[in-house]
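Q: These came from Swiss-Prot, pasted as-is:
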BINDING   His76, His78, His247  Zn(2+) binding site
BINDING   His76, His78, His247  Fe(3+) binding site
BINDING   Arg85, Tyr148, His182, Gln250, Ser327  4-imidazolone-5-propanoate binding site
BINDING   Tyr148, Asn324, Gly326  N-formimidoyl-L-glutamate binding site
Amino acid sequence: MSRPTATLVLRNAVVATCDRGPSDAGLLPGAAVAVEGRRVAWVGRDRDLEAEVNAGGAQVIDARGGLVTPGLVDSHTHLVFAGERAGEFALRCAGRSYLQVALSGGGIAVTTRATRAAPDEQLLADAAARARRLIAQGVTTIEVKSGYGLDAPEELRLLRIVHRLGDALGGDATILPTLLFHAVPPEQVGDRAGFVREACASLIPQVARERLAGFCDVFVEDGAFAPDEARLLLQAAKDRGLVPRVHAEQLTAGGGARLAAELGCSSADHLEELDDAGVAALAEARVVAGLLPLSTLFLGSERYAPARRLLEAGVPVSLATNMNPGSAMSENVGLTLSLACLKLGLTPAEALVAFTAGGARALRQPDLGRIARGADADLVLWGCGSPEHLAWHMAVNHALAVVKHGRVVHQAPAVAMVDCR
């Protein structure tokens, strides 16, 4: 077999392939990765590079003992919104709960009003700025939900903005749009059944027809959608070729996890109030459990998702930021990794795999989240030599170079380069 001709090489690295299961980062010390075009062409021992790869004309990055991982996959975000909820944050700091604030006219309703009033270009620019902050921290794939428009015209508008986001970023990240049913629009709260029927008959088919989203997500929660309502929406989405997902068991045990298992959802996210029956249902159906620890921290709760029980039951897990204005106003990747270890009980290796291969699985993207021949060349060089260091040095951006489809899309200043050997 002829040697691949590399266009980019990262060498003298500790490579984490993230392709050996949920608890093994697949660490290869003294390793190199060769990229040909948009794909990984070879990964192996650095000393074997010249014999295995034609790298004479390649761009070479000397990792100096640094960790090289797959690009992170942020599988749950709400980047498209306007306005702020700082006042609501202050109320919660004074003792009001998230549900109390929402029921008194705050919460999603505040963001919906601001988002509906904002012009497209403002929403796009703000979403792009948030995405850029994620990219600079090693995220190369971002799932982006609609959900703050609530009614059909606004949800369609938001999804079209999400579609423009990839171009606005110049291809520096893959953007995967999701149609999110966040709550019943205020104009239709008196006819919930009518809203669901209309969404199933009109909105979902239009989203599928125009290919505005690959996923459909429903917030199954008190004050949002009941399981029976969510079942109708998600089944209609499945029938139109959209992949179903759910927000489940975040604030109350509402049955969302069992619904996810019943419908074969790609993921059930949040799960702070998940019970043993829900764990068993997710395990049997092989639904990915989406872990979002920034939300638990931001809401001032100590009820984190039962990550260890999920892993021990054989449930695949993902880790994501859940960046949104109400329950996780942060794009901090490092803090997310640290919380996964400190509060969810994951090892640093498990947290890294969940943020790479786990996110790819939740989004059904088999060529993402791993370093292997033929996989997408989405890579990150970190200014440290291990997953443990990433989680230990909290809330710091350790990303030195970010590669998307074989192209360096972000590089830290030279002063940030460190020798990890």
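Placed from the backbone N, Cα and C atoms, the Cβ positions cover glycine too.
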Q: Taking only the binding-site residues Arg85, His182, Asn324, which one has a CA atom nearest to the CA atom of His76 (Zn(2+) binding site)?
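A: Closest by Cα: Asn324.
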Q: Please report the Cα separation of Arg85 (4-imidazolone-5-propanoate binding site) and Asn324 (N-formimidoyl-L-glutamate binding site) in Å, rounded to an integer.
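A: Spelling it out, the Cα of Arg85 (4-imidazolone-5-propanoate binding site) and the Cα of Asn324 (N-formimidoyl-L-glutamate binding site) are 10 Å apart.
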Q: Which ones, of the binding-site residues Tyr148, His182, Gln250, Asn324, have a Cα no more than 10 Å from the Cα of His78 (Zn(2+) binding site)?
A: Tyr148, Asn324
Q: Given Ser327 (4-imidazolone-5-propanoate binding site) and His247 (Zn(2+) binding site), what distance in Å do their CA atoms have, once rounded to a whole number?
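A: Their Cα atoms are separated by 13 Å.
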Q: Should Asn324 (N-formimidoyl-L-glutamate binding site) be counted as helix, strand, or coil on the basis of DSSP?
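A: In three-state terms, Asn324 (N-formimidoyl-L-glutamate binding site) counts as strand.
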Q: Find the one among the binding-site residues Tyr148, His182, His247, Gln250 whose C-alpha lies closest to that of Asn324 (N-formimidoyl-L-glutamate binding site).
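A: Nearest listed residue in space: Tyr148.
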Q: Can you give me the Cα-Cα distance between His182 (4-imidazolone-5-propanoate binding site) and His247 (Zn(2+) binding site) in Å, rounded to a whole number?
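A: Counting only the Cα atoms, the answer is 9 Å.
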Q: Look up His247 (Zn(2+) binding site) in the DSSP assignment and report helix, strand or coil.
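A: Looking at the DSSP assignment, His247 (Zn(2+) binding site) belongs to a strand.
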Q: List the residues of the same chain that sit at least 6 positions away from His247 (Zn(2+) binding site) in sequence and have their Cβ under 8 Å from its Cβ, in sequence order, or write 'none'.
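A: Sequence-distant Cβ neighbours: Asp217, Val218, Phe219, Val220, Glu221, Ala224, Gly256, Asp269, His270.
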